[in-house]
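*Asks:* What Swiss-Prot shows for this protein is this:
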BINDING   VAL118, ARG125, PHE126, SER276, ARG313, PRO548  acetyl-CoA binding site
ACT_SITE  ARG341  active site, proton acceptor
BINDING   ARG341, GLU439, GLY464, PHE465, LEU466, ASP467  glyoxylate binding site
BINDING   GLU439, ASP467  Mg(2+) binding site
MOD_RES   CYS624  cysteine sulfenic acid (-SOH)
ACT_SITE  ASP638  active site, proton donor
Amino acid sequence: MTDRVSAGNLRVARVLYDFVNDEALPGTDIDPDSFWAGVDKVVTDLTPRNQELLRRRDELQAQIDKWHRQRVIEPLDIDAYRDFLIEIGYLLPEPEDFTITTSGVDDEITTTAGPQLVVPVLNARFALNAANARWGSLYDALYGTDVIPETDGAEKGSSYNKVRGDKVIAYARNFLDQAVPLESGSWADATGLSVEDGRLQVATADGSVGLAEPEKFAGYTGQLGSPDWSVLLVNHGLHIEILIDPQSPVGKTDRAGIKDVVLESAVTTIMDFEDSVAAVDADDKVLGYRNWLGLNKGDLSEEVSKDGKTFTRVLNADRTYTTPDGQGELTLPGRSLLFVRNVGHLMTNDAIVLSDGDEEKEVFEGIMDALFTGLTAIHGLKTGEANGPLQNSRTGSIYIVKPKMHGPDEVAFTCELFSRVEDVLGLPQGTLKIGIMDEERRTTVNLKACIKAAADRVVFINTGFLDRTGDEIHTSMEAGPMIRKGAMKNTTWIKAYEDANVDIGLAAGFKGKAQIGKGMWAMTELMADMVEQKIGQPKAGATTAWVPSPTAATLHAMHYHYVDVGAVQEELAGKKRTTIEQLLTIPLAKELAWAPEEIREEVDNNCQSILGYVVRWVAQGVGCSKVPDIHDVALMEDRATLRISSQLLANWLRHGVITEEDVRASLERMAPLVDAQNAKDAAYQPMAPNFDDSLAFLAAQDLILTGTQQPNGYTEPILHRRRREVKARAAQSN
């Protein structure tokens, strides 16, 4: 039984109540009684509106389901379909042109194009690593990944391999030639660096040369000409630091004494309370809120053991350089600018219950997140004894990503919630900024109206292919069987979706004011492929794109040196490359021409993916992890990948492509494979052979067999219920 404290109409879990009063409120000048009275009022006032928005989702889905069922044997008449969506209020009139007016936004969002990390906030070590990933070693990123092939004697090995190291150095020199070229010759020919009359000079066998664009020299550290110093360069607003130490192990092997090239990498990071975490009760939520508080105060730390040594990981300090003329000082952020992703409007959490007559109802988690992540983020706006040594925003803003909103009314509700939270916290109106995830179909087709609803708060829009595909399938569940998962990336609607997001953002004045973002690279070990392919996102006009690790952030940062995103956006400005009809094109299989082995392959692939993710979520509370696929390729999985896999199989089941027996047989085939892939985890509990005793196995089965009944195809209700069962069992056994 949860120990609770009464606060007006609310009964708050003591663990949350004590955290707020003892840890979060001190240093904010907010009176505890006033705060809890404010929380009570916000929850009481906004809960009915939240419920109404969810009822509207269900109402629209029921109307769409009925429309498709009445026409299931007919080819889709796109004009009739569009008119129907207008008639029921799903597709809304497009607003007149407007420009966003958001103010007080940090440069990392308005002007600097670069990678964006997303990391589960419940894991302090991951969170610290991500916050510190503002700067990363290019040498380490190249040496430790498949960007440098392990051929011709260039294997990684257990100790430093000079052959591989030389290839790393050559690759980095080629990068410098493209990002900060010399006025003649190549960085590969460099034999030394110096600063003369405030200008960088690079010595070569043919004499000394400067940069082709001298203004790209931004500063230096250390004593000029000393054995250990560095040179700071800048290109497209991103910094490059060349570390020079001829006496270091790597510097000894380099003609110019260069020991590393460090890139400004994860310019922004999203600390995630949503799809990458498993937070089902007050204890889980407080763990996340406490880590978010520590990040904002700057005092979060974690004991880390590595290579037999233990050390304390803390947040990095800012970086200071001498200006090129030797007279001034330049300070650059040492940490990523932090967003926090709250949960969406759907789920409730028993961390707080609301008394409603004789009933007690769990409070909407999205309302709680806005209140408590907003409160704890106040400490990131100032420094002092009670607020910690570091700041997050330098412009007085708190950046909240809001996911899974369906249409402009839900965006407007979030803005109303943020305004009410600002009143409770005594913050100026407009302090809480919103990042809009364009990952639900009703938001995509009404994106301009969604942005207008948040025109004075919006700081980013972002496409999310996986969740968006999950909603695409669920919205049109009754229309017929969908194409295979791997074919989704080549559909008409996907290209239209990605292009429209950029076009609409630019038309609303995002250039120089807000981020336009694109999705995650999930194949964590395939960095060579990422370096080859992910450049397409800045080329498409995106000022940021998601990466799964600090190493990936450093490698992806190169793309923003190769591509001038600002110039791309100028080229795209004023263009409208898509139609609403393209966005509404449903990815139906034109004919069911799959061979039995193709169907089995698709079912097995999806069942393995579902089991591999769900077993860690339900049994261990791990919301984001590298999950090997059926071919043992490590993929970064979260609830978005689960949603698309489960919804596709639910769709095939609904239309008779597969049977319940096929699903069960595949799950039973794949469970031993997943068990084997987790064999090295001492805490892992196998699903086979007692499948029906495994709550994780049953959760995976539920997600598929009841997938058509899940609200908008979301996986959270089943995951939360099964995870709570696991925790209850553990509590009983203790």
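Every residue, even glycine, has its Cβ placed from backbone N, Cα and C.
Provide an account of the burial state, proximal residues and distances for the features listed.
*Replies:* In this structure, PHE126 (acetyl-CoA binding site) is part of a helix by DSSP. Packing around PHE126 (acetyl-CoA binding site) is summarised by its Cβ count: 21 other Cβ atoms lie within 10 angstroms of its Cβ, all protein chains included.
In the three-state DSSP reading, ARG341 (active site, proton acceptor) counts as strand.
Note: ARG341 (active site, proton acceptor) has non-local neighbours VAL118, ILE270, MET271, ASP272, PHE273, GLU274, ILE400, VAL401, LYS402, PRO403, GLY435, i.e. same-chain residues 6+ apart with C-beta under 8 A of its own C-beta.
Classification of ASP467 (glyoxylate binding site) by DSSP places it within a helix. For ASP467 (glyoxylate binding site), other Cβ atoms within 10 Å of its Cβ number 27.
Secondary structure at CYS624 (cysteine sulfenic acid (-SOH)), as computed by DSSP, is coil.
Note on ASP638 (active site, proton donor): other Cβ atoms within 10 Å of its Cβ, all shown chains, come to 25.
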*Asks:* Closest to SER276 (acetyl-CoA binding site): which of the recorded positions GLU439, PHE465, ASP638, going by Cα position?
*Replies:* ASP638
*Asks:* Of all the Cα pairs drawn from VAL118, ARG125, PHE126, SER276, ARG313, PRO548, the residues the record ties to acetyl-CoA, which distance is largest, in Å?
*Replies:* 22
*Asks:* Over all pairs in ARG341, GLU439, GLY464, PHE465, LEU466, ASP467, the listed glyoxylate binding residues, work out the largest Cα-Cα distance in Å.
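*Replies:* Among the residues the record ties to glyoxylate, max Cα distance equals 17 Å.
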*Asks:* Over all shown protein chains, what is the count of other CB atoms within 10 A of the CB belonging to CYS624 (cysteine sulfenic acid (-SOH))?
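*Replies:* Other Cβ atoms found within 10 Å: 25.
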*Asks:* By the DSSP assignment reduced to helix, strand and coil, which category contains SER276 (acetyl-CoA binding site)?
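*Replies:* For SER276 (acetyl-CoA binding site) - judged by DSSP and reduced to three states - the answer is coil.
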*Asks:* Counting other Cβ atoms within 10 Å of each residue's Cβ, which of the binding-site residues VAL118, ARG125, GLY464, PRO548 comes out lowest?
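*Replies:* Each of the binding-site residues VAL118, ARG125, GLY464, PRO548 was scored; lowest Cβ tally within 10 Å is ARG125.
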